[in-house]
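According to TrEMBL, the protein has these features:
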- B:30-54: transmembrane segment (TRANSMEM)
- B:90-114: transmembrane segment (TRANSMEM)
- B:91-285: domain 'ABC transmembrane type-1' (DOMAIN)
- B:126-147: transmembrane segment (TRANSMEM)
- B:159-177: transmembrane segment (TRANSMEM)
- B:206-227: transmembrane segment (TRANSMEM)
- B:264-285: transmembrane segment (TRANSMEM)
Amino acid sequence: MTMDSSRLSRRGFLGMGLAAGVITLTACGSDNDKASSDGNATAANLVMTVWGGESDKTAYQKRIDLLVKKFPELKVTLQLIPNDGYAQKVQTMIAGGKGPDIMQVAESVNVYSSKNQIQPLDELASKAGIDLEKRFGSIGKLYSYQDKVYAIPDRSGAMIVFYNKTLFAAKGIEAPSADWTWDDALAAFKELTVPGKQWGYAGSGWWAQWWSFVYQNGGKIIDDSGKPAVATDEVIEALQWAGDLIFKHGVVPTQKQYADMGADVGGDAAFANGKVAINTTGFWGISGLTKSKIDWDVAPLWKGKQQAVTAFGSGLAVSRTAKNPAAALKAIDFLTSPEAQQQIIATDQDVPANIEVQKSEAFLKPAWMTKPVNMNVFGESSGFVYRAPFIPQWNEMQKAFDDGLADFWLGKQDARTALTAIQKRLETIVKPA
Amino acid sequence: MATALSTATPARERSTSKERVVGVFRASPFTYATLIVVSAVLCVPLVFVVSIALSSDQTVNANTFTILPREFHWDNFTRVFGTDLPMQRFLLNSMIISAGAVIGQVLSSGLVGYAFARLRAPGKNALFIIVLATMMIPAQITMIPQFILFKELGWVNTYLPLIVPNFFSNAFNVFLVRQFVSRLPSEIDEAAMVDGLGFFGIYRRIMLPMLAPVLIAIGIFTLTATWGDFMGPLIYLNDESKMPLALGVQYITSTSAALQAPPWNLVMVGSILLTLPMILVYYLGQRYLYEMDISGGSAGVK
Amino acid sequence: MSRLRRREALWFYLFASPWIIGFVVFLLGPMIASVYISLTDWDSFTPPKWVGLQNYTRLLTDDPVFWKALWNTFYYAAISVPLGLVIGLWLANLLNKQVRARKVFRTLIYLPTLVPLVATAMIFKMVLAPSGPLNDVLGIFHLPGPSWLLEAVWVKPALILLSVWGAGGATVLLLAAMKGIPRELYEAAEVDGASAIRQFWSITVPQLTPIIFFNLIMGLIGAFQVFSQVYILTKGGPNNASQMMVPMLFDEAFNFYHMGYASAISWLLFAVILVFTLLAFRTARRWVFYETEVK
């Protein structure tokens with residue numbers, strides 16, 4: 001017995017030593033990588049991680065092929081990671097001491113930048129002669145943290161309005177436009193609603209939707225000093241308006257009504273089967289609808305006191321452990337150039353972030369489009385995009401909204417009560433830098 | 001013998017032969033009724049899976065699925081194979097990884113479980129508590145330290161982290177074998193001991209044949225778990241050419257934007273492709289699980 | 001210790017060495033690392049900061065979600081584990097009869113555990129819709145069907161329902177064990193005129209107790225660590241009404257990057273499971289029937 005326990009404890013001790021050793025090794029291991037890096041300035045083997053499915057792989061690979069053709073000294077290995085596992089895989093890679101050289105980032109970009117896991121790119125970009133504002137317009141510095149740019153925009157499209165042309169024509173309503181006010185929108189929703197059967201609007205329960213209204217109303221989720229500001233009158237009024245559409249006016253389906261339409265049916269599916277007349281969503285709605293039976297078109301989002309709309313997209317960042325940051329940036333520079341960005345259109349993947357490409361004929365009349373659709377909305381909307389607060393605690397903030405608004409979206413709580421509670425919770429989560 | 005029983009007619013059951021069905025094992029109409037109802041209820045969702053797998057993209061976009069299939073887009077199945085993804089390669093990788101894992105678990109688990117059930121040693125109980133305790137730590141929390149460990153071993157982007165640990169058994173299987181062995185009468189190994197068989201001889205000659213069903217069960221469990229696992233391969237593998245089918249299916253079903261609805265028909269096709277081999281394995285494997293004559297050799301017990 | 005006993009002990013350690021080596025090489029290090037991490041503030045990127053027991057005290061005194069998740073996990077385990085055992089035993093007993101096409105029946109009953117969870121979750125959302133098939137059935141009996149996944153009160157029963165759907169998984173081991181019960185026992189009982197139910201309780205169940213006990217322990221550990229079902233079906237919502245321990249620690253570790261906090265959760269969960277497992281082992285002496293005493 002005694003012999004046994006002493007043996008075990010010795011092994012235990014060894015194990016502890018191993019674990020501790022492993023952690024220290026990682027901590028310095030990564031630095032060693034960096035130290036031994038800045039050798040060859042031109043040639044580089046780059047690992048690039050992106051998320052998505054099989055079609056995204058095609059789109060990215062085509063762009064990389066163009067890159068390698070033009071700059072044979074750059075070798076880029078694409079690692080496609082399924083959406084659900086992306087953050088975890090990248091986290092493990094970095095924790096293991098070696099992140100990807102180039103990584104796709106989006107709303108949670110500042111998880112990495114605030115922890116110095118990706119590099120500030122201002123200097124490299126200006127050295128390479130990239131004018132972010134000129135190339136990408138208002139979203140040029142979207143992925144910034146403490147006034148430094150950490151990722152170059154790659155894909156970016158504003159949220160747009162999808163409307164059912166048949167239902168609109170039947171009621172003699174004109175197409176939605178950027179000039180619609182909240183009241184115009186509400187009036188149209190009401191016209192287009194047949195209680196229990198058809199709804200005017202798909203709703204705005206998703207942050208990208210109701211935040212647009214918040215910013216239209218002059219509110220902010222995080223104020224300029226970096227503090228949460230969701231219990232302000234502007235935010236409360238906007239959220240209440242969104243909630244009233246469901247419970248006061250009945251022009252948006254309730255969660256129960258959605259659940260009865262099918263599993264995971266949200267605005268996109270409800271719009272595609274003609275149950276709602278207006279839906280606000282991203283570019284992906286278009287490719288989903290090209291084969292649909294309904295007659296539809298797109299328009300820019302309406303406005304409140306001012307124009308504001310959420311944009312969806314992603315950028316490309318250079319990791320701290322990249323051996324050759326200059327080469328990585330050179331690759332990103334090319335990947336976001338008009339030549340490479342054309343492929344995003346050709347493969348029907350997304351909206352290219354490059355303004356010039358967004359305005360090109362290829363984008364306005366894509367080869368795969370089966371009917372005339374007002375693709376100009378993306379260009380038109382790009383000026384209205386507000387800068388969403390991509391704080392380092394983005395995921396926690398979203399969880400706070402999900403939890404705190406659960407009762408609100410069921411009609412059991414008003415916006416002021418819900419948001420006051422959320423504000424309290426956010427104050428413990430968000431610590432201004 | 002058991003197969004003969006399964007085809008026995010009621011007339012034969014009444015015969016006085018030794019293979020006569022004991023009363024409790026006789027199936028009444030009520031047994032059939034219950035089994036049919038239960039199976040039907042369990043099957044409804046699966047019919048649903050097939051129905052969705054066969055539906056058109058339009059139905060998917062509008063999310064207007066029905067339980068019974070209305071459309072038959074068999075091309076959804078060919079579409080999955082028509083992608084750029086090396087599906088055959090994925091399948092092969094799945095088989096390599098699963099086979100390695102199954103072999104490892106079957107080889108090691110019987111040995112360790114037998115030791116915990118039968119052999120006496122100081123510190124055994126303490127060690128057994130540790131065995132159980134390792135199961136009580138959620139795997140998610142040791143994932144990053146484990147990754148770091150495998151990285152230090154230089155095993156990242158190889159099959160090794162997915163296969164090698166299986167050669168050291170795991171708590172679940174050790175406990176399972178222990179429970180199975182503890183049901184067997186100890187006279188058997190005591191008699192063998194008297195006959196001069198050593199401990200390894202007892203294990204190999206006597207225990208192993210009797211443990212066959214539980215080892216096959218372990219094989220099936222390991223196979224299904226490894227076959228369907230995509231988190232492990234996701235974390236440890238980087239090259240597409242090394243990835244298993246479960247990860248390949250993730251690629252087919254992943255979307256470009258986070259809130260985009262997945263192509264449900266392809267999700268279900270992928271699920272079917274992943275499930276079908278396992279159904280086959282279970283259907284064919286149950287013969288060895290349940291119908292083998294495992295009591296042979298047990299003193300006087302037929 | 002006699003020479004023979006020493007030889008036996010040696011063989012024990014030899015036979016057990018695969019597990020011992022595997023444990024020391026692959027598990028012990030990561031486990032100790034996670035104890036250390038639980039005493040730090042670690043985002044998994046930058047070096048960990050030592051905070052002592054702060055993660056634990058915050059969890060126990062200052063995190064309402066933790067207590068909610070703990071309660072939900074208890075609720076889920078307390079109902080789903082016994083229910084799963086009873087249903088598994090009942091199904092195994094049915095499948096053990098000389099039923100025609102029993103291979104097909106066995107496969108169908110085991111099938112739910114084989115289908116990937118993504119597919120299962122999607123189907124369950126449709127079945128559990130407010131006007132879905134399940135509520136239609138309830139309607140026949142004039143029971144008002146709830147909005148299962150949308151209501152805080154009903155979301156946990158919905159998850160338990162999902163676990164019951166997979167109860168057939170337990171039949172594999174039970175059936176394999178049932179096959180090992182000597183037929184003579186039943187034949188003798190039949191001669192004595194014992195009814196089928198009597199035989200089930202006085203022969204089948206006692207002979208199966210070691211496997212039932214195994215299923216109980218595994219069920220407990222599995223239920224306390226329930227993850228994917230929750231993560232895919234409800235994400236812990238609405239407002240954490242279905243949040244459980246492992247989904248919570250997963251969020252903390254991989255969405256919020258609080259690796260230290262998540263590790264602390266996992267060790268508290270470890271303690272809870274350990275207490276329940278030891279309790280089960282305590283009671284086992286009274287009802288688990290071993291052919292040979294396991295020492």
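The backbone N, Cα and C atoms fix where each Cβ goes, glycine too.
Taking Cβ pairs closer than 8 Å, the transmembrane segment (B:30-54) reaches residues 60, 65-74, 76-77, 264-265, 267-269, 271-272 in its own chain, all 6 or more past its ends. When Cβ distances are compared across the two stretches, the transmembrane segment (B:206-227) makes contact with the transmembrane segment (B:90-114), since 3 or more pairs at least 6 residues apart fall below 8 angstroms.
With a threshold of 8 Å between CB atoms, the same-chain residues lying at least 6 positions outside the transmembrane segment (B:126-147) that come near it are 116, 156, 161, 170-172, 174-175, 178, 235-236. Remote same-chain partners of the transmembrane segment (B:159-177), defined as residues 6 or more beyond its termini with a Cβ less than 8 Å from a stretch Cβ, comprise 93, 96-97, 100-105, 107-114, 116-117, 131-132, 134-135, 146, 150, 153, 211, 214-215, 217-218, 221-222, 226, 232-233, 236, 242.
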